[in-house]
Amino acid sequence: MGKTFLLMAGGTGGHIFPALAVAQSLQARGHSVVWLGSVQSMEERIVPQHGIPLETLAIKGVRGSGLKRKLLLPFTLLQTVRAARAVIKKHKVSCVIGFGGFVTFPGGVAAKLCGVPVVIHEQNAVAGLSNRLLAKTAKRVLYAFPDAFDAPDGLVGNPVRADIAALPAPETRFAERTGRLKILVVGGSLGAQILNETVPAALAALPPESRPQVLHQSGRGKLEALQAAYRNAGVEAECCEFIDDMVSAYRAADLAVCRAGALTVAELAAAGLGALLVPYPYAVDDHQTANARFMAQAGAAVLLPQPELTVARLAQILGGLTREQCLQQAQNARRLANPDSAEKVAAAAIAAAGA
């Protein structure tokens, strides 16, 4: 008989989408899943679309928040732990799986109080606060990057969509390619303003005959400004607010220019695509730089800190690239992939639940 698993993830796509992949793996094995998220959040929009019951807690992040919110934190945690306990009892949860985000800590504490085993999965190279705290008592500690934790047998990679992991090998995709390079520019669902401003100008500085072709995701509300930037630079580009078919985008690209969030880095590895990574410098614990450094040290990417991202520097990098170099990066990226990560996390949770 199937068990019920409570998945705790929220705040960003980097937490939510890996959790969705694990949820689907658990469901495929005959188990039920319930999601614990926070109010007024990304997960409120995304999770119900996948037919997963969603319970929410009234909690937001406190790191870097105002004094009033920090003073109220003990009371907020007490309330949310009580609410999470009610969710666990209501759904007769056998195991909780924390992926990070605001809800993970109170949900994990509630599980311990209920005697329910806790499994955590850390997506970034630097573990988040909730997961660091819960790791002390969790039954299993799983992680995507070697230095995030030192728990034995915990390195499982980041769960990604199966259709991305199923893309052909880089050498197969690159085999018949000729002509100008194709680059994919993405800054996350909200876009990255500095990429929107810098990439068009950098491409304009290159000779038209060697200028890479580009597919550029602007981010929400930024499409018209991006199109104007390319138009004013005299550069042809395919621009869109959001790329619905990322599988095709990864398949067609020779190189990505993007941020270094956990989800992005995992998908680059799964797809087998090299990248020029510009980490978001204000991420908590600067985890994007750590993610990017891991890729760069493996020869799968070039790390370009945002303060060093200038039109001249970007033009120099893009102008000096060859398809052979892109292929080598892509192959190195694919070697970092963990295509069965979702199944490993699901199996660990099932074992923890005694199912």
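The backbone N, Cα and C atoms fix where each Cβ goes, and this holds for glycine too.
Model, not experiment: these values are computed from the prediction.
Record features (TrEMBL):
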- Thr12, Gly13, Gly14, Asn124, Arg161, Ser189, Ile243, Ala262, Leu263, Thr264, Val265, Ala266, Glu267, Gln288: UDP-N-acetyl-alpha-D-glucosamine binding site (BINDING)
- 5-142: domain 'Glycosyltransferase family 28 N-terminal' (DOMAIN)
- 183-334: domain 'Glycosyl transferase family 28 C-terminal' (DOMAIN)
List of residues, in chain order, with Cβ under 8 A from that of Glu267 (UDP-N-acetyl-alpha-D-glucosamine binding site) and at least 6 apart: Val160, Arg161, Ile164, Met246, Tyr250
Under 8 Å by Cβ from Leu263 (UDP-N-acetyl-alpha-D-glucosamine binding site), same chain, sequence gap 6 or more: Gly13, Gly14, Phe17, Pro18, Gln123, Asn158, Val160
Fewest Cβ neighbours within 10 Å, where candidates are the binding-site residues Ile243, Val265: Ile243
Three-state composition of the domain 'Glycosyltransferase family 28 N-terminal' (5-142), taking helix and strand from DSSP: 66 helix, 27 strand, 45 coil
Protein Cβ atoms within 10 Å of Thr12 (UDP-N-acetyl-alpha-D-glucosamine binding site), excluding its own: 20
Of Gly14, Arg161 (the binding-site residues), the residue whose Cβ has the fewest other Cβ atoms within 10 Å: Arg161
